[in-house]
Structures are given as structure tokens and as C-alpha cells.
């Protein structure tokens, strides 16, 4: 004890540490004779107790202003300086959060705050790219040609009840497409790929600083207790724990492998269910496309692309939210089927399943629109049909990127609104109902006893907390999952939707205060836990960063019209072998990207155009020696797309690796501080031991020496 400076034994440990000590004792206390009759968790499992939780320090509100009377407890201080909505622009008090809720929750809010802060430059650049598209919308050569194409007759969009239409009818659609598909798209995709790397690398530095400040540098996770379910299942088979040297239940390898195979099969089955749902949405889009294209209302008929995409996205969102409820139950069932050994293993396994399920559920339809929509539609006279009935959907003459943008925007906005409502509205309603029932019970008791008690009975803190909602049984899994899925939306298809970082930033500003309000006022105080990192989520974020580079390369090369425009400007446009000016060099691009089809039937148009209509493809004309065969321009565009994918991926991965190499995981100043602290600690312990030993010798009457004996 003489190595420690303890001024007050009651305040030496923080409140969260004292809660962990009490919980540690309760977990190891026997309540009956028997090897397994031990611990509060087993008593909770068999229904002896309904709940066990550390109580809050007191109320979070005070009748007196905090500026004049100070905070009455840490919970009150957290509410006034962190959880209130008026504090949205201020830094989070991470040290106070850590002292009250523990390091694990403190690290979550530190990561969330860091992620939100890093979104600011991404949101600004994305907004500038969007504004560039907005300012150049009217001067875009492609949009001009589409809007002025009053004589260009396009082929019918459906087999029945659809007539040829003028290309100029889609003028608004072309201008909106230019907002997201312009010269800044490639730059922003590269910027976001590098941003994701910088974000993760600098988070490692920030995490190192926090773990040092919170005395977690030398902390190693202590050996966790076995889960009661694991003990009950494998109590008959034991082996000696190599760390503790005591016998403990053991799961045979064959049993573990068989359960893992069943779990993996369940995961693939659920993923196939997602793909089935996506297929159903595709069928709906095909049916809706025909209906809207032949609609009686002229406004809908003219904007059938928006109508088809909008209704498809809304139905897809409802399917996504419905399946999410099913996936949580399936992931819980499959994780319990595996019988993980410890709580951390259970949490990691459950988190990975939830991420896989929800990621596939959320992004499968987006992948379809990005890489499959309009790719296999065929051509007029030889369209590919689903079930020999519905013609596959085609891209608009100005590209498919607007469909992808609409899909991302609607799902991202609706999902964030729904999540925020469920996180705040649901606990508020439940707590209000609990308080209402308590007041009703008290009223009935007073009426039954014939008493008219005006003064309210002051409930103990544990009773007040009992009426609050318990923290989610999955811990922080749901909180991390929501943000990680948002990170995926912000990076994976950001080339199609540059406003995604801005929407994420606005949502996260609300999310931080919403989570803070929820933890401080609506939830029981969770059991404090120690941690040095965000766990399995860091690996998932790195995987998303790699996937983002690949998908953005394919979005720019395949979904966007950037490559076809580039090839036309340098190989087929009016500026070949001349000085390059972007918009001037795209003159005639629209006509070059449309092929001719001989309908063989006269329509109510001018005599010169009565037999022919145009469609989006690079095919030979009907009067050429090989009608409807791919032209040389098609192969040039295809080669340029493949070359762009290879160059883009290698360039961005090279830059990401170089940046990761340049940024050390730990700041040099922190390394110097740690080495200095280690040196001073050794010196202090040497001096303290020397002084202690000299006092002991002097006390015992031995000779006194100034040097080490």
C-alpha cells in the first residue's frame, strides 16, 4: 500500500469501478452447496431475481440552476452538459462518461464523436460536388442535346399500349441525372476511399490516446466466466483450463464443427431469402414499368421512370424493415445454437451475423440497380423477357445512375428517421406507461385504505431505476450496427450519391444527443465494462473500406456515363487531335450513343422517321451488312471500362496503403510520454523501496546506509 497515494478510500475508485467490484463479488458468491450454485447470473437465470443493475447516482434534474448551485451528482452533470439537445455543438465530456458508464460505453461515444467529426470534410466536399453539378446543369452538353431532341423518336418502353416517345420528353430526368453524374464523380469517389483510410488510421491514434489517458495500455481482458448455458450443456465433459488450472466444461471439436455448419447453413438460407425478396421487387418494377408507361394520366406517363423507381424503393424499404425483425430473431437463435463459451464470444458471433444479414438486406437491391439494371435488357425486336412475359427494365438514355441515387437517398433518409424514432420514441412511451401504471396502483391503494395522502412518497433510487427500460440485451451491438451500416452507405456507393456524407453528418449530430439522452434518462444504468477498442467492428469497417473502392470503381465504369463520354470526347467527338474543351468535345454524343431500329410499322410521326426509332446501345444500323451487331465504339467503351476499373483500384489501393504506412498507430508524443512515465515509475519505485527499507532498518536498530544494500 505504500506504493499508492490514497487520500480518501471512499473516492479512490470511481463509481463505475465500484459497481464492477460489487458485480465481480456477486458473480463469485455461492448461494447453495454445490459446484455450480454460484453467482448472480445463475440466480437471474432461474428466476430468483428479476433484475440486477447498478443504480443511478440520483435524479438527472434539479430545481436549481447548475451554474449557481452546481451539479447535484454526476448524472445531473451529464444531463446538463451532454444529454440536453442544446449541447449539440459542444464536445462530449468523455472522461465523465467513462467514469459514470465505464470504458466500453465511453469508447463507443468517443468513436461516434470521432466519426461524426471526420464526416465534416467529407460532407463539405460532397456538397461542393453536388453544387458543381447543379451550377453546370444547364450548360451540360448531354442535357442540352436531350432537351433539344424534339425530332428524336425513342422506341416504345413496353410491348403493349406504349407508343414511341420523344427524347426531349425526358429533359428533366437528364438534368437531374447530371446533378450526380458529372466531372466531379471520379474525384469524389477517390476522395472518399482515401477518407475512409484516414478515418480508420487516425481513429487508431485517437484510441491509443484514450487508452493511455484511461489507464488501459497494460490492461488485458481478464479471463471471462463461462456462460451459464455453456456450463449447463457441457457440464459432463471437462478439461483443465490452462490459465486457471481448474477443471471446466469443454465443448468437443466435432460438436462445435457440426453446430457451426448448421449456423452457416442458416446464414446462407436467410441470405437466399433476401435475394428472393429482391427478385420480387424486380418483378414488381417490371410490372409497374409497363403500367406507368401506358398510364392514362399524362403526368405519370411522362415521368414513368421516377414513378417506377419511387414505388419500387418504397416497397423495398418496407420489405427491408420487415425482414430486419426476422433477422434479429434468427441471428439470436443461430448464435445460441452455437453455444459460445463466453459472453464476448457470443457478442462477436451475434454482431457478425446481424451485420451480414442487415448488410445484404439493405444493399442487395442497391447492387441490383447499380450493376444489373439495364445490362441484360436486349434490344428492340429481341428483348429478353422474364418468364417470357415481362420485358427487362432498361436504363434511361442519360444513364442508370439516377435510379441508384434515388434508391440510396430514400432508403437512407427513411431508415434514419425510423431508427431515431425507435431509439427515442419507444423508450419514452414505455416509461410513460410504466409511470402511469404506478400512479394508478398508488391511487387504488389510497382509495382502498381510505386515506387521502397529499405528500408523494419518495421512492428509493433502485425503485425509480426499476421503472426505466433495461439496456438492450445485446449490449452496444445495435448502436454500432446502425452506425457501421451508415458508414457502408456513406462509402460504398458514394459515387452515385455525393450527399450521403452530409445526410450522415446531420443524422449523427442528432444520434449523439439522442443516445446520450437515452443512456442518462430513459435506460437503467448499464453494468460498466472495460475495453481497449471497439472490438470486431474495426475489422468490419476495414472490410467495408476495401469493398467501397471496388464498388465505386464499378459504379463509375459501368453505372455512370463517365467512361462512354470520355471515349467519345477523345476518340469520336469533334475535338479528336485538337485542344480539349470538355463540353464542346461532347457535341453529338447523344446521337452517337443511340442506335437505330426499324419498326416496320408506320406511326403518327413525320414520313422520314415513320419506320425508325432510337434506343440506347452501340449497335449497327438495320441497313448495314451485319444489322444490329455491336459496333467498334462498343468495344472501345468496354475496353475503357475494364481499364478504368483496374487503374482506379490499383491507384486507390496504392494511395490507401501508402497513407496507412505514413500514419503511425500511436503518436510520437504519446510514445515519448509512455517511455517517460515508465522511467519515472521505475525511479519512484526504487526511491520508495529504498526509503521504506531504510525506515525499517532504522526502526529495528540496524545500521543506516544511504546506498542500496
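Counting starts with 1 at the first residue shown.
Placement of Cβ uses the backbone N, Cα and C atoms for every residue, glycine included.
Remember, TrEMBL labels are computer predictions, not curated facts.
The domain 'Anoctamin dimerisation' annotation in TrEMBL covers 2-94.
As annotated by TrEMBL, domain 'Anoctamin transmembrane' applies to 97-677.
Listed as Cβ neighbours of the transmembrane segment (108-135) (distance under 8 Å, sequence separation of 6 or more from its ends, same chain) are residues 91-92, 94, 97, 178-185, 187-188, 191-192, 195, 198-199, 202-203, 206-207, 210, 476, 479-480, 483, 487, 490, 494, 498-502, 504-505, 508-509, 511-512, 515-516, 534. Look at TrEMBL and you will find 108-135 (among others) tagged as transmembrane segment.
Marked as transmembrane segment by TrEMBL: 185-203 (among others).
For 266-288 (among others), the entry in TrEMBL reads transmembrane segment.
Annotation comment: TrEMBL describes 355-378 (among others) as transmembrane segment.
Sequence annotations record features per position, and here TrEMBL assigns transmembrane segment to 484-506 (among others).
For 534-558 (among others), the entry in TrEMBL reads transmembrane segment. Remote same-chain partners of the transmembrane segment (534-558), defined as residues 6 or more beyond its termini with a Cβ less than 8 Å from a stretch Cβ, comprise 107-108, 111, 185-186, 189, 192-193, 196-197, 200, 207, 344, 347-348, 351-352, 355, 370-371, 375, 401, 404, 480, 484, 487-488, 491-496, 641-642, 644-645, 648-649, 652-653, 656.
The transmembrane segment annotation in TrEMBL covers 638-663 (among others).
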Sequence-remote partners of the transmembrane segment (185-203) [C-beta within less than 8 Å, at least six residues beyond its ends]: 111, 114-115, 118, 121-122, 125-126, 129, 490-491, 494-495, 498, 501, 538, 541-542, 544-545, 548-549, 552-553, 555-556, 560, 562, 648, 651-652, 655-656, 659-660, 663, 665
Same-chain residues at least 6 beyond the ends of the transmembrane segment (355-378) whose Cβ lies under 8 Å from its Cβ atoms: 267, 270-271, 274-275, 278, 281-282, 316, 320, 323-324, 327, 330-331, 384, 391-395, 400, 403-404, 407-408, 411, 415, 481, 484-485, 488-489, 492-493, 496, 540, 551, 554-555, 558-559
Per-residue pLDDT averaged over the domain 'Anoctamin dimerisation' (2-94), given as an integer: 83
